[in-house]
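According to Swiss-Prot, the protein has these features:
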| type | residues | note |
| --- | --- | --- |
| BINDING | Thr10, Arg52, His53, Thr186 | phosphate binding site |
| BINDING | Met185, Asn209, Pro210, Ala211 | substrate binding site |
| SITE | Glu167 | site 'Important for substrate specificity' |
| SITE | Met221 | site 'Important for substrate specificity' |
Amino acid sequence: MTVYAIIGGTGLTQLEGLNIRQSLPMNTPYGAPSGEIQIGDYAGREVMFLARHGHPHRLPPHQVNYRANIWALKQAGAEAILAVNAVGGIHPAMGTGHFCVPHDLVDYTSGRQHTFFADDLEEVTHIDFSYPYSEALRVRLVAALAAEGCAFSDRGVYACTQGPRLETVAEIIRLERDGCDIVGMTGMPEAALARELELEYACLALVVNPAAGKSTAVITMAEIEQALRDGMGKVKATLARVLSAS
C-alpha cells in the first residue's frame, strides 16, 4: 500500500481529523524542515502531514526549506505526496473557490535551493521533468473532486513566482501569454525535488483570489483568508476521499 504524505499550504497548517500517533522532529543534510512530520490515521489509513509554512504559519514562500521538507518526508518513508496550494486565478474559469489539478508548470522563481544534485557529486544527474506531476495521482484527485461536487478544472498550468508579494498586472499579462492558468509561490522547487527523490507528486490548488488585473477590486488578505476558510472543508474532504479510495 502506497505511503502518502500531505503537504499543507496556506490555510492548512493542521490536518483536522488526523489521529496523530507520532510527531517526528527530522534532521536533514539540508537543515531543518518546516516542522515536525506528523504521522497518524486519516480516512482509514496511515498518512504523514507536514505544514509547508510551519505551524503557526511563519515561513514566507521564498524562505521555505523545500529541500529539507522533501528529504525528511522521503526519509520518513513517504512514497507519494499530495501538495495543497493556495493560488490566484488567471484563466477566466479559475474564479475564487475553484479547484485546479494542474498538469504542468512554469517556474519563475530565483535564488531558491532547487536541487539535491549540487554538492559532492560523483556524477551529474539530469531528471526527466517533461511532465512534473504524477498522472496517477492527478486522476485520483480529479475523481475525488468530482465525487465531492466541487467546481474544478482537471488540467492547468501553474505559474510559480518568487513572492512574497503578489504580482503586478503586467506580470500576470506575461504569465497569461506564457500559457499559465493559475499563479502561486510554492509549487517550485517542491515538485522538482520530489521527482529527484523518485516520489510521486501532485498538486491540489484552490483559487483564493483573482490574479492582478483580473478584477477591478484590490486584492486583500481578508478576501484571501475568507476564501481559505470557505474552501478548506472541501480540500480535506477531497484528500480523505483520495486516501480512502487508494
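Cβ coordinates come from backbone N, Cα and C, glycine included.
Mapped onto this structure are the features recorded in Swiss-Prot.
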residue	record	contacts (Cβ under 8 Å, 6+ apart)
Thr10	phosphate binding site	His53, His57, Ala86, Val208, Ile224, Leu228
Arg52	phosphate binding site	Ile7, Gly8, Gly9, Ser34, Leu59, Val64, Asn69, Ala83, Thr186, Glu190
Glu167	site 'Important for substrate specificity'	Gly88, Thr161, Leu175, Val183, Ala211, Ala212
Met185	substrate binding site	Pro61, His62, Cys160, Thr161, Gln162, Gly163, Pro164
Asn209	substrate binding site	Gly88, Gly89, Thr96, Ile219, Glu223, Ile224, Ala227
Pro210	substrate binding site	Gly88, Gly89, Gly95, Thr96, Ile219
Met221	site 'Important for substrate specificity'	none
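Taking all protein chains in view, 21 other C-beta atoms sit within 10 angstroms of the C-beta of His53 (phosphate binding site). The phosphate site, placed at the center of the C-beta atoms of Thr10, Arg52, His53, Thr186, has further neighbours from the same chain whose C-beta lies within 8 angstroms: Gly8, Gly9, Ala51, His57, Leu59, Pro61, Val64, Asn85, Ala86, Met185. Other Cβ atoms within 10 Å of the Cβ of Ala211 (substrate binding site), summed over all protein chains shown, number 27.
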